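Before any comments, here is the structure.
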């Protein structure tokens, strides 16, 4: 890193720290000059399938257990008789172990998926690079991944944050910028493909766009875990086509290790990865008192051990705090149910998507409000989490460019641009956060600040 870049980064962090302390609010005046938000054509080179017959494609991995010693490797073959076996080992080209996948497929209207494979590879060692091979004969393909450090308080780890990605040239820019960085695992906050936007006029494309998206993101997803959250564009409610709003395509293609955290649904679950305890919530599943998700979260929060995993991170799709006119207050019902827990359990940061712009809040809460007391204004609260909206991946619906004016006091920084973020955990007390704007083909750090851990900062 050159001297000018170091100085620029330090100044940016100091400014952000000042804003956090003083409760300042800032709306960026930047006007994006990105490509138009239209989906890349189906015959684009960016969606090209492997040339070999029936070769595995759309390869992606996610964590396969609670503590990071397993992965789920998934892929698709166009035809039925593909290999079910994953060969893996710690030396490239020398595969000393193997595991067997299960396979499934689905269809609706005139679309029929290929064969979808999911393989649990467990019993892995921490901090180890593994190579793996899938497919057979001339159609085999080889990849690698790195396991995380052992669960513990002082293991540095870097997460990427991406949401509402889609499959436009803006989406590709976001993905390529992320891949040039140091992120080790993506926390994805929902809305993957935006295939549902094509179903009314071309039902077949409502399935094909899941295939093209899988091939678009494979250069990242085949090499590091993406932790999946579901969004509204993943619901697929088209009853006339046999899609009943049950996240069918999402669930068939993108598994989660939900049983490891004693969840009853793959849509909400938790993992521990290095120094972080990550909780994934489902904005479009029942969450009020007595529902399965409510009861699960109540139990999961009680299991969090901040001496082992000091960083408590929550990801969901719909933001609880948002000053954009798009989807304004849609998260209010979930906020009223879960916010008290987020404060009581000292959640460090809540990441969400849904709004196609960027926004970061101050530490804020609205715990005093009820329907009769009139105390309905959020207050700056050092015991509360930061809330970050990162639904700016680049999808075909375009930028949500209109914010409420004047900027609410709880909003620290907001900008209508596409991009991605990085959460760089250094130790149990400090983490660096950066938001990178996609600017004219370049990756630009437009927002950054230092997180002080909620538990360890006040630990006695």
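Here the Cβ of each residue, glycine as well, is placed from N, Cα and C on the backbone.
For 1-23, the entry in TrEMBL reads signal peptide. Look at TrEMBL and you will find 56-147 tagged as domain 'Purple acid phosphatase N-terminal'. Sequence annotations record features per position, and here TrEMBL assigns domain 'Calcineurin-like phosphoesterase' to 158-358. According to TrEMBL, the feature domain 'Purple acid phosphatase C-terminal' maps to 384-444.
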- Helix, strand and coil totals (DSSP H, G, I; E, B; other) for the domain 'Purple acid phosphatase N-terminal' (56-147): 3 helix, 51 strand, 38 coil
- Task: Could you break down the residues of the domain 'Purple acid phosphatase C-terminal' (384-444) into DSSP helix, strand and coil, giving a count for each?
- Result: 0 helix, 31 strand, 30 coil
- Item | Overall pLDDT for the domain 'Purple acid phosphatase C-terminal' (384-444), taken as the rounded mean | 93
